[in-house]
Amino acid sequence: MKYDNLLDRFIKYVKVNTRSDPDSETTPSTESQEAFALTILKPEMEAIGLQDVHYNPVNGYLIGTLPANNPTLTRKIGFIAHMDTADFNAENVNPQIIDNYQGGDITLGSSNYKLDPKAFPNLNNYIGQTLITTDGTTLLGADDKSGIAEIMTAIEFLTSQPQIEHCDIKVAFGPDEEIGVGADKFEVADFEVDFAYTMDGGPLGELQYETFSAAALEVTFLGRNVHPGTAKDQMINALELAIDFHEKLPAKERPEYTDGYQGFYHLTGLTGTVEEARASYIIRDFEEASFEARKVKVENIAQSMNAHLGTKRVLVELNDQYYNMKKVIEKDMTAIELAKEVMEELAIKPVIEPIRGGTDGSKISFMGIPTPNIFAGGENMHGRFEFVSLQTMERAIDVIIGLVCKA
C-alpha cells in the first residue's frame, strides 16, 4: 500500500541533526534529540491522534498511546524507534530521491562519491523502486528515522480509518541507541504492553530476536620512560605493551574476518605515549559461554603479562553492555510467531537471522518486555553510502498495521 505522507515525513526527519555524543554525560546525549522530540515529534503525535503523549526528561523517551477500538483485541503491542543517528556527519543532510531506479551507478550529489552496484550489490534488489540516498557529505539517518516515519505513518493511517479494528498500541521514541545507552533508563511501568518491536532493522523481511552479548574493554598500560640513549634494561614502553597485548588476541577473531554466529574482539581506539597507553575494545559473541570465555581470555592475558613484567602494568576494565535477547524471547515466541504470520500473509518472506549488533530491544527484553526487531529498510547504514527504499518502508508500515489488527 502507498502512504501519501511517508516520503515527506521521512525527509523532514532526516534533515534534523540528531547525532548522539558518546562523550556526553547527559540524557539525551545531545540537546538536538530532545528538541527533535519536543518540537517535531510530540506535536505531530498529538495531531495524528495519539493520546497521553508525554516526554520523560529523565530518560529522553517520548511516549504515546492509541487505545484499542475493538475490545476483543486484548493484546497490547508496543513499537519503538530511536531518534539519534550514528557517529558520522549529520549536519545539513540533503537527501536525493531516485525515482524508478534502473540500475547502474548513483552519483551522490556533487561529491566524488557514488553508489556502485559492483561495490554495493544490494542495489540490484531495488530495480524499479524509489531510493532515497545521501548527497555524499553526510549519512542519511534512515537508521532509525525510517522506523520513526513508519510508526508515525501507520498510526496516522489507523486514526484516519476508524473502521479498521486494532488492539492497544504504545509508541516510544528514544535517544542514544547508537552509543549503547538509549534503553538504560527505560521505564517499563510507563510502557505497559505484552510485547514490543523495535523498527530498527535493515532490508525487507528482517525479523530478529538474537543479538550479540556485548562488553566494553578498556586496557591501560603503564610504562616507564627514560632517555632512549640510556634505556637498556630500564625503559618499559607502554605502546609496545599495548601492541603485545593486541597480538596475543586471536588475529582471525576480528570483525573483518567474522560473520554469522562468530564473535570477535574489536580494537576501536589506541592512544598513548611511552609512559602510558590506552586501548579500547568491544567484545561480542552470541553464546553466553563463549562470551564469558572471551572476557576471561583478556583477563588471563593481562595477568600473564603482569607476571612476566614482575609488577602490575596492564590494567583491565571490563563492563558488560547488553546481552543476547534470545534468552528472554525464546521463553515465549508469541511476538515472533505473530510477526512471521503477518509477514507471510503480506507475501513477505521472514528473514530470521542474528543481529550482528544490538538494539534497544536487547535491554528492554531483559527488563521484562520481549522486544524483537523488524526491518525498517535502511541499507549501508552509518555512512555516506546509506540509502533506503520507499517501497520497503511502505511494506514495514503494512507489517505494523497487520500486527495490531491481528493481535
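Glycine is treated like the rest: Cβ placed from N, Cα and C.
Listed by Swiss-Prot as binding Zn(2+) 2 are Asp143, His382; the candidate from Glu178, Glu341, Glu344, Glu345 that the record includes in that site is Glu178. Record check, Swiss-Prot: Zn(2+) 1 site residues include His82, Asp143, and the candidate from Asp21, Asp23, Asp200 also listed there is Asp200. Long-range Cβ proximity for His382 (Zn(2+) 2 binding site), meaning a same-chain Cβ under 8 A and a gap of 6 or more residues, is found for Ala86, Asp87, Phe88, Leu139, Asp143. With the fewest other Cβ atoms inside 10 Å of its Cβ, the least crowded of the binding-site residues Asp143, Glu178 in this structure is Glu178. Neighbours of His82 (Zn(2+) 1 binding site), defined as other CB atoms within 10 A of its CB across all chains, total 29. Around Asp200 (Zn(2+) 1 binding site), taking its Cβ as the centre, 27 other Cβ atoms fall within 10 Å, counting all chains. For Asp84 (active site), the same-chain residues lying six or more positions away in sequence with a CB closer than 8 A to its CB are Thr18, Arg19, Ser20, Pro28, Ser29, Thr30, Gln33, Pro175, Asp176, Glu177, Glu178, Ile179, Gly182.
Listed in chain order, the extra residues whose Cβ falls within 8 Å of the Cβ center of the Zn(2+) 2 site residues Asp143, Glu178, His382 are Thr85, Ala86, Asp87, Phe88, Leu139, Asp144, Met381.
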